[in-house]
Each structure stands twice: as C-alpha cells, then as structure tokens.
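According to TrEMBL, the protein carries these features:
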DOMAIN    A:20-371  domain 'Cation/H+ exchanger transmembrane'
TRANSMEM  A:6-26  transmembrane segment
TRANSMEM  A:33-54  transmembrane segment
TRANSMEM  A:60-77  transmembrane segment
TRANSMEM  A:97-128  transmembrane segment
TRANSMEM  A:178-202  transmembrane segment
TRANSMEM  A:222-247  transmembrane segment
TRANSMEM  A:259-278  transmembrane segment
TRANSMEM  A:290-313  transmembrane segment
TRANSMEM  A:334-352  transmembrane segment
TRANSMEM  A:358-376  transmembrane segment
Amino acid sequence: MGGTTLVLIELGLVFLGLGILGRLAARIGMSPVPLYLLGGLAFGNGGLIEFASISEFSHIASEIGVVLLLLMLGLEYTARELATGLRQSWQAGVVDLLLNFLPGAVLALILGWGGIGALVLGGVTYISSSGIAAKVLTDLGRLGNRETPVVLSILVLEDLAMAAYLPVLTTVLAGASFLGGLQAVGAALLAVSAVLFLAIRYGQRITAWIHSPEQETFLLKLIGVALLVAGLASAMQVSAAVGAFLLGIAISGATAESAVRVLAPLRDIFAAMFFVVFGLNTDPASIPPVLVWTIVLGVLTAGTKIATGWWAARQAGIGRWGRLRAGSALIARGEFSIVIAGLAVASGAIVAELAAVVTAYVMLMAVTGPIATRFAEPAVRRISRQPEAEPAS
Amino acid sequence: MDVEETPLPGIGLRREIVLDNGRRVGIVIHRDGQTELIISRLDDPDACLASVPMSVEEAATLGGLLGGPKLVAQLSEEHSELPGVSTRQFPVTEGSPFSGHALGEARIRTRSGASVVAIVREGQVMPSPAPSDTMKPGDLLIVVGTPDGLDAAAKILHGG
C-alpha cells in the first residue's frame with residue numbers, strides 16, 4: 001500500500017473509533033475527553049496497534065486543535081466580562097490559584113521533576129475545565145442558582161490566567177533563563193492588557209472587519225486570521241494558543257455567535273485529534289507505576305477545589321449547600337490541563353512519567369468531576385441526615 | 001418591583017425578582033436566545049426547584065398570561081365607578097372554536113353585548129382591536145360588559 005492510502009485508512013479508523021467512543025460518552029452523559037485519551041493510548045506507542053503513518057498529519061492537526069480550542073474559549077467571553085470578572089472576584093482568583101496550583105507543584109517537586117515539572121503540574125491541577133463545568137451546570141439546571149455566577153467568574157479568571165501562564169510556560173520550556181522568564185511574564189501581561197484594552201475600545205471594528213455575510217468567506221477569514229495571529233504570537237515567543245485566545249476575546253456580539261457556530265465542528269475534529277495525539281505519545285505501560293500518586297493528587301485537588309468554591313461562595317453570602325455545590329462544580333479538569341501538558345511534552349523538557357500522571361489525572365478528574373458535581377450535595381445531606389424539604393408555600 | 005440582573009459570563013444573563021415569601025423567580029436568557037424559567041427553592045433560596053427551558057414563543061405566551069391579570073385589574077379599577085360593568089379575561093386556546101379566526105367572526109358584541117377592548121399577545125397589549133384582527137392560540141382577550149354579558153361571551157368563545 002502507498003503512503004497516502006495507509007494514511008487515509010488509519011485516519012479513517014481513528015476518526016471512526018473516536019466517533020463511536022464519543023457516542024458512548026454522550027449516552028452515559030460524560031465528557032468525551034477521557035475516552036479520546038484512551039483511544040490515543042490504544043493506538044500509539046506501546047498500545048494495541050501502532051499507527052505510525054498518521055504522525056505527520058496528526059501533529060499539525062493537534063496544533064490547529066489547540067489554536068481552535070483557545071479561539072473558541074476567547075469567543076465565549078467578551079472583554080467587558082473579563083474586565084468585570086477581574087475587578088469583582090480577583091480575591092477568589094488568588095485563593096483558587098494558591099490552593100490548586102500548589103498541590104501539583106509540590107508533588108512534582110517531591111517526585112524530583114524539578115522547577116519546570118512543578119510549573120507544568122501546578123498548571124495542570126490549577127485549571128478547572130470550563131467546558132465541562134459549564135455544560136454540567138446547564139444540564140443540572142443550576143444556571144438559576146445563586147452560587148453559579150461565583151463558579152462562572154472563577155472559571156473566567158482561570159481562563160484569563162491561562163493567557164498569562166501559557167507564554168511564561170512556553171518560554172521556560174524553551175530553556176530561557178530566569179531573566180528571560182521574567183521578560184516573558186512582562187510581555188505576556190502587557191500583551192493581555194493591551195488586547196483587553198483594544199478589544200473594549202475597538203472590538204466593534206475588529207468584529208466588523210472579520211464579519212462576512214457568506215458562511216464560506218467568513219469561515220476562511222476567521223481561520224486565516226486565527227492561524228496568522230497564532231503564528232505571529234508564536235514568533236514573538238508568546239504562545240500561539242494565547243494569540244488565538246486574545247483574538248477570540250476581541251470578536252464580540254453576533255459575529256462571535258456565528259463564529260462559534262461555524263467553528264464548532266472544525267474544533268471538534270481538530271481538538272479530538274489533539275487529545276488523541278497526546279494519548280498516542282504516552283506509553284500505556286507508564287501509567288500503572290504512577291497510578292497511586294495520581295489518585296492521591298486527584299483526591300487532594302478535589303478537596304482544594306471544593307475549598308476554593310466554598311470560600312468564594314461564602315464571600316458572596318451563599319448558604320453552605322450552595323458553597324458545597326460551587327466547590328464540587330470546579331473539580332473537573334479537562335482540555336486545558338492537557339493543553340498545558342501537551343506543550344510540555346512537545347518541548348521534550350519534561351520526563352515521561354509527568355505525561356503519564358497528567359493523562360491518568362485528567363481521565364480521573366474529567367470522569368469524577370461531573371459525578372461529584374451531581375452527587376456531592378445529596379451525599380452530604382444523607383450523611384449529615386439533613387434531607388431536602390420543599391414545603392408548599 | 002426591583003428586577004435583579006446578574007451576568008452569567010460565557011452563558012448569558014439572569015433576571016429575577018424576589019417574592020415576599022423569599023422565593024426567587026426569574027429567567028435565564030442564553031446567548032443563543034433561548035429562555036429558561038427559574039424558580040428557587042424555599043428551604044434553600046440559593047438553589048433552584050425548577051429550571052424550565054422555553055422557546056421564545058412559549059415564553060412570550062406565558063408572559064401574556066402572567067401580565068393579563070394586572071391589565072384586568074387596571075381596567076376593572078377604571079370601570080369600578082360604573083356600577084354593573086366589569087372586566088374579565090378569556091384565554092384563546094388551541095381548541096377554541098374561533099382560534100385563528102377574525103375577531104369579527106365571533107360577533108361577541110352583537111350576541112352578548114360585551115366588548116373586546118384589548119388583546120394581550122406575547123406580552124404586548126393591543127388595545128381596541130379591529131374586527132379583522134385574528135385571535136391566535138395563547139392570546140388573552142380582555143372583555144368588558146355586564147356580568148350576564150360576560151357569561152354569554154364566555155359561552156360564545158368556548159362553544160361557538
């Protein structure tokens with residue numbers, strides 16, 4: 001068989017497999033991310049079958065996947081929402097960062113993975129999956145709950161923190177000195193504030209410029225600008241993903257909504273590929289030895305997220321059941337933990353065990369997070385013998 | 001009445017009022033235009049007892065139903081100085097014989113002596129409707145007349 005033939009067959013099998021796994025996930029109402037990781041584990045290095053000929057395509061596809069993931073994340077928010085969120089809940093953001101970055105960072109240091117390992121694993125445990133959390137809150141009918149804005153604003157701050165964190169991470173991974181790292185932090189913060197300012201000021205103009213009445217030209221312009229901005233950001237040592245995220249923030253209103261509509265299917269394909277590639281590059285045999293540490297980390301960071309949500313909800317004057325609900329809604333980790341680990345793995349600057357821990361950790365948290373969100377309150381009510389009561393009014 | 005407005009970043013906007021009994025009742029407006037009716041629990045006002053997704057049309061109809069009594073109360077007050085004249089509201093349902101027909105076809109005024117003074121549709125009041133205006137399912141007819149006349153009008157609207 002020729003090269004192209006083999007690539008087509010292998011790609012076909014991978015996408016078909018992902019489709020079936022995704023269907024399965026939808027049926028039991030969970031995020032497909034852990035299943036995509038499993039799929040990648042099965043077809044990669046050390047898995048059941050090794051698909052070698054798709055590595056070139058899947059590498060580029062996964063890069064595009066990250067750009068689209070972050071672009072769509074940016075589209076979800078307006079610059080104004082981010083600025084308001086930053087002003088109103090920065091304290092919760094700081095508590096969130098301290099409580100959830102430290103467990104990952106400390107474990108990485110204990111296991112001897114050094115400063116870079118700590119920076120990576122801290123980021124992985126810090127960031128909740130806004131995708132999973134928002135979906136679970138919608139599905140459980142909690143959008144009307146009083147604690148929900150607290151949860152959402154923490155998610156907003158985390159996503160905003162990503163915009164500062166990713167460029168720092170990429171610089172450090174590239175082997176820059178401490179001074180270089182500081183410069184990167186400065187450049188990133190400057191870029192983020194400049195874009196927030198420009199987006200509030202001139203967002204309408206950027207939006208109008210990208211907007212196009214025909215879907216085809218709109219999609220082409222959007223993808224073109226996104227890849228260009230991502231590439232330029234990457235050339236300037238700011239992560240490509242951050243460029244896409246900031247572009248997403250600058251696009252607003254009806255254009256952002258139609259952008260989400262036309263981009264969603266593309267994002268689904270390329271992002272799925274991104275998760276598969278991450279799984280492909282992880283040797284399944286490397287997971288069992290780190291499983292105990294992963295579970296310890298999982299339990300610990302579930303606890304710290306509950307503490308974060310509890311604290312933030314209490315600040316907002318919410319009762320204790322609401323505090324528990326807010327905390328449990330933050331437990332799920334997902335796409336962006338993998339984005340962080342993916343960047344680290346691609347740079348080759350971290351040990352293989354770290355990738356194994358992240359794979360297992362995200363699979364664990366993406367599955368147990370939504371379950372905890374659903375059952376934390378009923379479970380605690382049962383244990384503390386305080387059944388729900390809804391007397392007629 | 002104070003309407004509290006809470007932005008839900010990434011999702012949309014919540015508007016709600018707090019009732020005298022402490023319950024919060026309101027709507028969540030999603031970015032894509034979908035509306036959700038929310039009612040908070042009594043024992044835990046932070047949480048929701050129900051959150052009901054609704055289409056734009058369903059939400060507007062419910063708004064009309066909820067807004068109707070206030071309009072009727074206003075009209076009744078205006079007519080309270082006139083002894084023997086009262087105001088009542090009649091919903092037009094899917095099964096009403098005149099649903100989809102022009103107001104004139106029911107000949108309510110001729111047959112009962114009561115007058116349709118307004119139609120509430122999708123939360124909007126259409127005062128002084130013309131005989132050519134159609135009655136749609138979900139509409140609320142505001143009718144003014146003597147009690148007997150109103151009973152007769154009810155019979156016409158339900159039975160034809």
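Cβ coordinates come from backbone N, Cα and C, glycine included.
Long-range contacts of the transmembrane segment (A:334-352) within the same chain, counting only residues at least 6 positions beyond its ends with a Cβ under 8 Å from a Cβ of the stretch, are 31, 33, 37, 62, 66, 69-70, 113, 116-117, 120, 123-125, 127, 129-132, 159, 162, 165-166, 169-170, 173-175, 239, 241, 271, 274-275, 277-278, 281-283, 286, 358-359, 361-362, 365-366, 369. Non-local neighbours of the transmembrane segment (A:259-278) in the same chain are 14-15, 18, 22, 32-33, 36-37, 39-40, 43, 58-59, 61-62, 64-66, 68-69, 71-72, 75-76, 210, 215, 218-219, 222-223, 251, 335, 338-339, 341-342, 345, 355, 359; each lies 6+ residues outside the stretch with a CB under 8 Å from one of its CB atoms. Three or more CB pairs closer than 8 A are found between the transmembrane segment (A:290-313) and the transmembrane segment (A:358-376), so contact between the two stretches is assigned (pairs 6 or more residues apart). By the count of Cβ pairs under 8 Å, the stretch nearest in packing to the transmembrane segment (A:33-54) among A:60-77, A:97-128, A:178-202, A:222-247, A:358-376 is A:358-376. Here the transmembrane segment (A:97-128) does not touch the transmembrane segment (A:222-247). Their Cβ atoms form fewer than 3 pairs under 8 Å, with each pair 6 or more residues apart. With a cut-off of 8 Å between Cβ atoms, the residues of this chain six or more beyond the transmembrane segment (A:222-247) that come close are 63-64, 66-71, 73-74, 159, 162-163, 166-167, 169-171, 174, 184, 187-188, 191-192, 195, 199, 210, 259, 262-263, 266, 339, 343. Within its own chain, the transmembrane segment (A:178-202) has Cβ neighbours under 8 Å at 78-80, 82-83, 160, 163-164, 166-168, 170-172, 233, 236-238, 242, 246, 249-250, 252, counting only residues six or more beyond its boundaries.
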